[in-house]
Amino acid sequence: MTEKKTLKRFASVFLASSLIVGALAGCSSSEEEKTSSSGGSSSSDGDSSEVIKIGANLELSGSVASYGSSIGKGAELAVEEINAAGGIDGKQIELVKVDNKSENSEATNAAIKLATQDKVTAMIAPATSGNVIATAQIANQYKIPTVTASGTAPNVTENEDGSINDYVFRTCFIDPFQGIVAANFATELGAKNVAIYADNSSDYAKGLAASFKQQIEANGGKVVAEEAYVAKDVDFKSTLTNLKSKNPEFIFIPGYYEEVGLIVKQARELGIDVPLMGADGWDSPTLVELAGKDALNNTFITNHYSSQDPDKTIQGFVEAFQGKFNEAPNAFHALGYDTVYFIADAIKRAGSTDGEAIQKALAETTDLSLITGTFSVDEKHNPVKSATVLEYVDGNQKFNSKVNP
Amino acid sequence: MKKSKAFWGFLVLALVIYAVVQGMISGGMLDLYYQNILIQMCINIMLAVSLHIVIGITGQFSIGHAGFMAVGAYISAIATMKLGLPLIVAIILGAVISALAGLLVGIPTLRLKGDYLAIATLGFAEIIRIMFLNVEYVGGAAGMVVTNLTTWTYAFVGVVITILVIANFTNSRHGRGCISIREDEIAADAMGINTTYYKVVAFTIGSFFAGVAGAIYAHNFFIIQPTTFNFLKSFDILIYVVLGGLGSLSGSVIAAIFLTLVSAYLANFPETRMIIYSVVLIIVMLYRPTGLMGTKEITSLFKFGKKGGSKV
């Protein structure tokens, strides 16, 4: 009796599980049909002539959602403009947005989904470097050219062993470049004895500090003091007093706006009135609130672009963006916008939607003029382009100069 | 006799599921997207079941489970990437070190109760995370790049072993000791049960399988970063257990499968994704306040006729 019951029980469990599996199989086989109907050798070109799909694997929720959604907005505007102008060789672009919750694993999932389910031609990779790395192997495996708008870590495109991720590119400059630009700017200002005060808990800040030091020494300058703080510190006075005693003519402070705001404020209170400089991590309205307008005078940052750049195309972009979203575009908006144009340009030159052809075209990009600078792609898939130096004047960012590499 | 039948039944069922899915993969019916969802499902099941033994069976409210997952992930990644060991060795190594970490954390903290224990486990998980954040050898904040070695087979075998061990533990003398602690710790103590010992055992076994899950996770997603294993990850795991029903192993499994599918499906609706996900959780909790399965097991659903079936 009991045996019969157990048998029955297992039979029903088995039936239920096979039903589930069957349903899954149903999904995938119908998917298969869809692709085979659209993917039959030459007919695929005919079919995709209607629309070119570009996937956007972005942080739309989670801890860095502001980066991802900014890039998404910029990309949307660019797609709209390209489509209004007739698309790429008559083909319209369709942007397929997928959320990766600012998590590595979700970024991998999203990339796989875009590659296998949506069958996109190219992808916009996530905003943060770690998430881009989580998608890089998928891009290589499925030969889908992938461009990150803001993944600045060097190992996004270059693996530890020196090999290049063939299908991964970026629109932004890499971290060490900003350090070099800052060092050259310091030399231009005539500073010989400089100090570095870096955030020790972030790879970003450490990378910037190292490249700054190297470049300033190459320029004949001297680092008289090197100090470090840790994110979430609030009192910097003792270290700053120490820095002051070394009499630097220029202080480089790579880090993020939360601590930098307090550092700048406390430095000015202690009477340190030399130029202070940082990088794109400073770029936030919060910085002005924390440091105060007066303290920020005579400070500089390097950034990807400035909405106050007098350049005509930039002003055109700012206007179009404000018209659509009713806010001033920041660097992430501009980078997202540029990423779409970067991909579109490569597809146009490749003359097809084949991954390998587009990859080649992306790698061969030279002197492409975009909002965040005119750039060429180097052998490590990094753009060679100018950085913008901004100066804070009474709490507003003022365009200072463009520095070419 | 009855128990061993359930054991063999489960093994046969597992083999059948494995054969069917593997057949579909070789037949090309499941592409990488579905395979990846399956692997993720397996990882989530392992995490849910390994937390189930701590919260559901022993009744100790731990919210630091992601910390042990991090230990498994990092140790196994070091084993494969830096020391060149094979994946299977790396998984075992990660799990063992994770169990050791669980033992170390468990011995002092499991003397605490309720909220105090929750805070202590949360604190330890953060310590583990911050440790990895500051060790340059494993990449610091930028994370560690890991080669993709996991296959669906590894993940599935992991799940089967996890479920078998924990189900058998629950039905053993030790398991009943743990359940008595959940029901009433003072009474259990009065009955002569060494409560601290049983709590530490359950906690260590839970950490061990969290380590296995972490190792498989690390080798599936190309990169591990300390931020991945923050307390939100711990809450994700906690949600599986609570949603499935505290005290129900099959409930944890079902909840993990259900939420993985919901999350994967909702990726198509980025703007409203987290809202819908949260609404699903709220609705389930409103209509099934004890979780999907309550304290019942799925097998007891087929035993209506039998009086006093095998309530675990």
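Any Cβ shown, glycine's included, is placed from N, Cα and C.
What TrEMBL records for this protein:
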TRANSMEM  B:33-55  transmembrane segment
TRANSMEM  B:87-107  transmembrane segment
TRANSMEM  B:114-132  transmembrane segment
TRANSMEM  B:152-170  transmembrane segment
TRANSMEM  B:197-217  transmembrane segment
TRANSMEM  B:237-262  transmembrane segment
TRANSMEM  B:274-290  transmembrane segment
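Here the transmembrane segment (B:237-262) sits apart from the transmembrane segment (B:87-107); fewer than 3 CB pairs are under 8 Å, leaving out pairs fewer than 6 apart in sequence. For the transmembrane segment (B:152-170), the neighbouring stretch richest in Cβ pairs under 8 Å, chosen from B:33-55, B:87-107, B:114-132, B:197-217, is B:33-55. Most Cβ pairs under 8 Å to the transmembrane segment (B:197-217), among the stretches B:33-55, B:87-107, B:114-132, belong to B:87-107.
Among residues of the same chain six or more beyond the transmembrane segment (B:87-107), those with a C-beta under 8 A of the stretch's C-beta atoms are 64, 67-69, 71-77, 79-80, 121, 124, 128, 149-150, 154, 158, 199-200, 203-212, 214-216, 218-219.
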